[in-house]
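Novice: Sharing the features that TrEMBL gives for it:
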REGION    1-22  region 'Disordered'
TRANSMEM  59-77  transmembrane segment
BINDING   GLY65, ALA67, VAL68, ASN72, LEU417, ASP420, SER421  Na(+) 1 binding site
TRANSMEM  89-110  transmembrane segment
TRANSMEM  131-158  transmembrane segment
DISULFID  CYS170-CYS179  disulfide bond
TRANSMEM  237-254  transmembrane segment
TRANSMEM  266-290  transmembrane segment
TRANSMEM  310-334  transmembrane segment
BINDING   SER320, ASN352  Na(+) 2 binding site
TRANSMEM  346-372  transmembrane segment
TRANSMEM  392-417  transmembrane segment
TRANSMEM  449-467  transmembrane segment
TRANSMEM  487-504  transmembrane segment
TRANSMEM  525-543  transmembrane segment
TRANSMEM  563-585  transmembrane segment
Amino acid sequence: RSRAPRDGAGGGYPPELGGYPELGGYPDSVGYPDPGVYPPERVVPAYQERETWTRQMDFIMSCVGFAVGLGNVWRFPYLCYKNGGGVFLIPYLLIVLVGGIPIFFLEIALGQFMKAGSINVWNIAPLFKGLGYASMVIVFFCNTYYIMVLAWGFYYFIKSFNSVLPWSTCDNEWNTPSCIEFFRHPNCENGSLANATAAPNLTCLQLAEGHSPIVEFWENKVLGISEGLDHPGRMNWEMLLCLVAVWILVYFCVWKGVKSTGKIVYFTATFPYVVLVILFIRGVTLPGAYDGIMYYIKPDWSKLGEAQVWIDAGTQIFFSYAIGLGALTALGSYNRFNNDCYRDAFMLALINSGTSFFAGFVVFSILGFMAAEQGVHISQVAESGPGLAFIAYPKAVSLMPVAPVWAALFFFMLLLLGLDSQFVGVEGFVTGMLDLYPGRSYHRYKREIAVAICCFLCFIIDLSMITQGGMYVFQLFDYYSASGMTLLWQAFWECIVVSWVYGADRFMDDVARMIGYRPFPWMKWCWSFITPCVCMGIFLFHLVNYKPLTYNNVYVYPWWGEVIGWCLALSSMLCIPVSVLYKLFRAKGSFKQRWAHLTTPVWGPHHMEYMTRPPHPPQELITNTVPCTKGTEAL
């Protein structure tokens, strides 16, 4: 086996193979004197030992905080209702088993084994290091636009501290003459409707053209939304202050690394569950809650035959499990080498999916109440995404007694759910960047400076999202940069590289060296066959059924807006094939030699200690060992 380089000579190769000084032991080096000779492996220099979590629970909480986010609360319940209620759990759980858990475990185990962030973790097969760059691009875009949800939530949280919620009345400066506070659709049968703020009587036609105060607060006050993408308009100074506040908060959560992040997530990851339980208790005691919950879980077996139901299940899992972003890899890299990441993966998957299911009861109990109050069908109030968080739910709490208390609780929960996902995403990005320059001499405050640069760059891009046309920019990032297609493409190649380039059996041996036992073969079968097929099948379905982006099903984006969107998507997807072609083109020798060299793993110094261990105890040690009965005496 190879030894670490001494005095910088030999490029990390044993002297019997000649050594290659020009390689320096780095995976991107491709020049070597004799293309016919390939070392069995390469070793990077012995750099400073990697930081680890203070306690293993820090890692668990960080993963919970990152993976359990807004998608669990505002997307899963709606998809469950839309796709047949309880029946949706069948495709959901199946894809969890064949796609979600295998890739979730793969990313954590890969980070723990390689002790590196999202880029250098692919030293396991350096030819495909473009996977790391792709995940960095995706998580950078996520960090950029996801923070806007926190800024909006922070703004609503501040506005909740009023005796009368500003979105519950029609007598504000941002309201229009079409604003209607109280109405019930069944009254339209009588031809008129009483209204306390606009006029004594309204016809059903006027009612149909009316606007809710919460919609006007969202569109006119918070967004100040313009006519389209080509009308950016002015900046909203209140949203600018909220954006600055949440970025400062994120910075000070991340700047000191996992030692500080691991402590903060104990609060940000657990307190939302306290709020969810409080809101659940309050929700189920409201009139109409039972009907809302029944609409959520009532099974519609005919939905199982629809392809869209299976596609929605797969896409939701990749979103909510935070797969393909590289942040799970970064979190896993701070684990002890012998941590049982196999057990952790199942436990975290159970927490993630369980939170999604429980959140559905909270959301639909309150939506059922709102439907009963307005005298409409549940389908007319069921929302997903920002529509649920900033329109449906604020409308519901405005109908409750002591409304400001429930509004403040809900938006505080929303803020915490998004905050830990945000700062762990920033942590994953910064970890990947710093790993590119390990052990080099630079400023003692390198992490603090790197985090500040990352936050500042994202903040500059965010300025385009706090203008009057900002919502259109936000949707571009949300629909294209971290869409289902980009994450599925990433997950597909992760499975292919680990299973077919590095070797599924080989990686299973590596995992066994770490955790002390061999995982169930199901993982290997999923990585090799099932999961790539699932990922590619859903990816092709998305591609074939692609629809141009719209806002509120009314505004259609211009052609140049779609071009910008596809550029955002392709900026990450093309990293993989472009980097592969570039590395092969620059290498020397025949194709077989280039492939052999560029797929040779680059081991870190910590691997040398563990590579000599067998993946599991020899059989003779197991069969010849008897229980100890006298002190420390044993065969």
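Placed from the backbone N, Cα and C atoms, the Cβ positions cover glycine too.
Can you walk me through where each of these features ends up in the structure?
Specialist: Tertiary neighbourhood of the transmembrane segment (59-77): same-chain residues 53, 104, 108, 149, 258, 261-262, 265-266, 268-270, 272, 276, 296, 316, 319-322, 327-328, 331-332, 334-335, 339, 344, 347-348, 351-352, 355-357, 359-360, 362-364, 384-386, 388-389, 414, 417-418, 420-421, 424-425, selected by CB-CB distance under 8 Å and a gap of 6+ residues from either end.
Sequence-distant neighbours of ASP420 (Na(+) 1 binding site): residues of the same chain at least 6 apart with a C-beta under 8 Å from its C-beta are SER62, GLY65, PHE66, GLY69, ILE264, VAL265, THR268, ALA269.
Other C-beta atoms found within 10 angstroms of the C-beta of CYS170 (disulfide bond) number 21, with every protein chain shown included.
For the transmembrane segment (237-254), the residues of the chain that approach it from at least six positions outside its boundaries are 147-148, 150-152, 154-155, 158, 222, 260-261, 264, 419, 422-423, 426-427, 430, 451-452, 455, 458-459, 462-463, 466, judged by C-beta separation under 8 angstroms.
Among residues of the same chain six or more beyond the transmembrane segment (310-334), those with a C-beta under 8 A of the stretch's C-beta atoms are 50-53, 59, 62-63, 66-69, 71-72, 75-76, 79, 82-83, 88, 91-92, 94-96, 99-100, 103-104, 107-112, 114-119, 121, 132, 135-136, 138-139, 142, 258, 341, 349, 352-353, 356, 421, 424-425, 427-429, 431-432, 482, 484, 486-488, 490-491, 494, 534, 538, 541-542.
Residues within less than 8 Å, Cβ to Cβ, of SER320 (Na(+) 2 binding site) and separated from it by at least 6 positions along the same chain comprise ALA67, VAL68, GLY69, GLY71, ASN72, ARG75, PHE76, ASN352, SER353, SER356.
If you look at the transmembrane segment (449-467), the same-chain residues 6 or more away from its ends with a CB under 8 A from one of its CBs are 140, 143-145, 147-148, 151, 226, 232-236, 239-240, 243-244, 247, 250-251, 254-255, 426, 429-430, 433-434, 443, 473-474.
Nonlocal intrachain contacts for the transmembrane segment (525-543), taken as residues 6+ away from its ends with a CB within less than 8 angstroms of a stretch CB, comprise 95, 98-99, 102-103, 106, 307, 311, 314-315, 483-485, 488-489, 491-492, 495-496, 498-500, 504, 507.
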Novice: Same chain, outside the transmembrane segment (89-110) by at least 6, Cβ under 8 Å from its Cβ: which residues?
Specialist: 63, 67, 80, 121, 124, 304, 309-310, 313-314, 316-318, 321, 323-324, 326, 328-329, 331-332, 335, 341-342, 344-346, 348-349, 353, 357, 491, 494-495, 498, 507, 511, 514, 519, 523, 526-527, 530-531, 534-535
Novice: Which has the fewest other CB atoms in a 10 Å radius around its CB: ALA67, VAL68, CYS179, LEU417, the listed recorded positions?
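Specialist: Fewest other Cβ atoms within 10 Å, among the recorded positions ALA67, VAL68, CYS179, LEU417, is found for CYS179.
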Novice: Counting Cβ pairs under 8 Å to the transmembrane segment (392-417), which of 131-158, 266-290, 487-504, 563-585 comes out on top?
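Specialist: By Cβ pairs under 8 Å, 266-290 leads among 131-158, 266-290, 487-504, 563-585.
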Novice: In sequence order, which residues at least six apart in the same chain have a CB under 8 Å from the CB of SER421 (Na(+) 1 binding site)?
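Specialist: GLY65, PHE66, ALA67, GLY69, LEU70, TYR146, ALA322 - these are the non-local Cβ neighbours of SER421 (Na(+) 1 binding site), listed in sequence order.
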Novice: Report, as numbers and ranges, every residue of the chain located at least six residues beyond the transmembrane segment (266-290) whose Cβ falls under 8 Å of a Cβ in that stretch; write 'none' if there are none.
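Specialist: Sequence-distant neighbours of the transmembrane segment (266-290): 61-62, 64-65, 68, 73, 355, 358-359, 361-362, 365-366, 368-373, 400, 406, 409-410, 412-413, 416-417, 419-420.
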